[in-house]
Amino acid sequence: MHNRTFSDTLLLYANRRVASIFVLGIASGLPWVIIGSSLTLWLKEAGISRSEIGFAGLIFTAYAANFLWSPLVDQLKIPALQKLGQRKSWLLACQLVLVGSCVLMSLCDPASNAKQLVLFGLMVAMASATQDIAIDAYRVDSFAPQEREYISAAAGAATAGWWTGYAGLGYIPLMLSDLNWSWPELFLLLAAMCAAVCAIAMFGPKPQYSGNANQQELYSGYLKKVSHCNQSNKLQLTAYLLLPFLAIAWTVAGSPGLPASITDSPRYIWLSVCVIVTLITTAGIKVAALDKGATQQLQPSALDKPLAWLLLSLAAPLRDFVMRNGLQVACAIFSFILLFKVGEAFLGRMSIVFYKEVGFSNTDIANYSKMLTWIVTIVCSLAGGIVNAHFGLIRGLVVSGCAMALTNLMFAWIALAGPEIPLYVATIILDGFAQAWSTVAFASFIALLCNHNFSATQYALLVSIGNLGRTTLSSFSGQAVDWLNGNWPLFFVLTTLMVIPSLLILRWLSRNLPDVGQHGSRASNKGT
C-alpha cells in the first residue's frame, strides 16, 4: 500500500467524494426516523393497539428484500433524469417519492385511518430501501479498485453519516414533540429535512467508474446467444431466471398459503435456503449452456430482447462474480459474509433481555446502550476508516473480528459481576468500537469485491447474504439461552467462539484474494 502518515490518512475525509458519501449516509439514515420512532409514537399517541403498531413494523421488510429489485437500479434508466447519471438519477427519483410520501403522511389522521398512514409509510420504506441500493452503488462506483484507502474512508463516512441521520437528526422531532409540535407538523419538518439533505447530495460528483459504457456490449452478447435458442428453450430459460426471485419474494413475504405450523419451524428456514440455492444453481447451468454455438447473431424474435435484458440484469452479475473469482473462492466469500457477524447478531438480539435480567434500569439502558452507543459508533466509524486505510483491509477484518469476540467476553463478565455501571460503560464503549470498526471493514470488503458493471446488484446480493446470517441464524439466540438454562456467561463464551470459523475462512481468502488485502480488488469493468 502507499506509505501514508496518519495525518495524510485523516485528509481522506476532506476528499469531495468521501464527503458526499457522508451526506448520502445521512440521507440513508433519516427515513428510519420517519418510519421508525416517529411513526410508532404517532400511532401510540393516537390510541392504536400494540398489535397494530407491531404490524406496521412489517414495512421494514422492504430493506430485507431490496436486493430483489436491485438489478433495476443497475439496468433501468430514468429518461427525464439521465443527465444526472445512472446513480444520481435513481437517488433523486427515490428522494422525490420519499419526500412526497412523507408529506402525504402529514395529511393523515391515524385515529380514523391508520392503514392509510401505514401505507404511505410503506412507500417511504420502499423508496428508502431502493435509495440504499443506489447509495451503495454510488459509493462503489466513486472509487477505482486500487483506491482502497478511499474505499475504507468512504465506508467509515457512510456509517457515521447513517448514524448522524438516524440518531442525530432523529433527536430533533422527538425533542419538538415534547414542545407541543403536532405530528403532522413534525412529518412536514422531516420531509423538509429529507429534501434539504437531497439538495446537498446532488452537488456531489458523479461516480467516475460506472460500468455503463459496457452494458450495450454485454447486452449484444446475450442477444446473440439467445437468438440461437428455439422457442421452447427460451421459455424454459425465462422461467429458470425468474423462479429464484419469485421463490425469494414468496419466502420474504411469509410464504402465504402455508400453515404456521410449517413456516414457524426452524427447519423451514433451511429448507427454503436449500430450495433457492438449487434454483439458482439450475439457472446458472442453463445460462452456461448458452455459451456453446453462438458464433453470430440471428434475426431476434419478440422474446429475444426481453430475455437478453433478463440475462444481463439477473444472471450476469452472479455469473461475473463466480467467473472472476472462481467457484471455490466465491463460495468461501459467501460463507465468510454469512458468518462474520453472526456472533454479534446473537448478542444484539438478546442484549435488552440480558440488561434487564442482570438488573439495569430502563434509564441506564437509554443513557448508555443507546445514546453512548450512538456517539461511540460515529467516532469509531471514522476512526475505523482511517485505521483500515492505514494498515490494510484484511488486517482490519481480522482485528475487528477478534475485537467483536473479546467484547462478548466483557458481557460474560457483566453477567458474573451484576449491574456495575463502570463495567457497563466500559463494555458499551469497547463493543461500540468493535461493531463500528467491523462494519466499516466489512462494507469496504464487499465494495472491493464488486464489478462496476453490476455494482448495485452485486453489493445488494452480498449484503443480503450477510443479513441472512445476522437475522436468520441469530433468531435462535433466545432458544440458545433457554437451552443453557439462562446461563448468560456460557452464552457469551459461545458467541465469542462463533467468530472463529469466519476468521479461518478469512485467513484462507487472504492467500487467494491477495489484491483485496494489498491494492484493491480484482473487480473491473471487463464484461462477462
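Cβ coordinates are placed from backbone N, Cα and C, and glycine is handled just like the others.
Below 8 angstroms of C-beta separation, residues 13, 53, 56, 59-60, 91, 95, 98, 102, 105, 117-118, 121, 124-125, 127-128, 131-132, 135, 138-139, 142, 154, 157-167, 169-170, 173-174, 177, 183, 186-187, 190, 193-194, 197-198, 200-201, 204 of the same chain, each at least six residues beyond the ends of the transmembrane segment (21-41), sit close to that stretch. The annotation transmembrane segment is assigned in TrEMBL to 21-41 (among others).
Annotation comment: TrEMBL describes 53-69 (among others) as transmembrane segment.
The annotation transmembrane segment is assigned in TrEMBL to 90-107 (among others).
Long-range contacts of the transmembrane segment (119-138) within its own chain (CB-CB distance under 8 A, at least 6 residues past either end) are made by residues 21, 24-25, 27-28, 31-32, 34-35, 39, 56, 59-60, 62-63, 65-67, 69-70, 73-74, 87-88, 90-91, 94-95, 97-98, 101-102, 104-105, 108, 158, 207, 447, 455-456, 459-460, 463. As annotated by TrEMBL, transmembrane segment applies to 119-138 (among others).
For 186-204 (among others), the entry in TrEMBL reads transmembrane segment.
Annotation source TrEMBL lists transmembrane segment at 237-256 (among others). Residues 61, 64-65, 68, 226, 229, 262-263, 268, 272, 275-276, 279-280, 282-283, 286-287, 290, 303, 307, 310-311, 314-315 of the same chain sit 6 or more residues outside the transmembrane segment (237-256) yet have a Cβ under 8 Å from a Cβ within it.
Same-chain residues lying 6+ beyond the ends of the transmembrane segment (268-290) with a Cβ under 8 Å from its Cβ atoms: 222, 225-226, 229, 236-237, 240-241, 243-244, 247-248, 251, 255, 262, 311, 315, 318-319, 322, 468, 472, 475. Taken from TrEMBL, the feature transmembrane segment covers 268-290 (among others).
Outside the transmembrane segment (325-347) by six or more residues, the chain places 397, 401, 404-405, 408, 411, 434-435, 438, 442, 446, 449, 462, 465-466, 468-471, 473-474, 477, 480, 492, 495-499, 501-502, 505-506, 508-509, 512-513, 522 with a CB less than 8 A from a CB of the stretch. According to TrEMBL, the transmembrane segment annotation covers 325-347 (among others).
Residues or ranges marked as transmembrane segment by TrEMBL: 368-387 (among others). Within its own chain, the transmembrane segment (368-387) is flanked in space by residues 6, 9-10, 12-13, 152-157, 159-160, 163-164, 167-168, 351-352, 355, 396, 400, 421, 424-425, 428-429, 431-433, 435-437, 439-441, 444, which lie at least six positions past its ends and keep a Cβ under 8 Å from the stretch.
Residues or ranges marked as transmembrane segment in TrEMBL: 393-416 (among others).
Per TrEMBL, the feature transmembrane segment maps to 423-449 (among others). Proximity of distant same-chain residues to the transmembrane segment (423-449), defined by a Cβ-Cβ separation under 8 Å and at least 6 residues beyond the stretch ends, is recorded for 136, 139-140, 143, 145, 148, 151-152, 154-156, 158-159, 321, 325, 333, 337, 340-341, 344, 360, 364, 368-369, 372-373, 376-381, 383-385, 387-388, 393, 396-397, 399-401, 403-404, 406-407, 410-411, 413-414, 417, 458-459, 462-463, 466, 516, 520-521, 523.
Taken from TrEMBL, the feature transmembrane segment covers 488-509 (among others).
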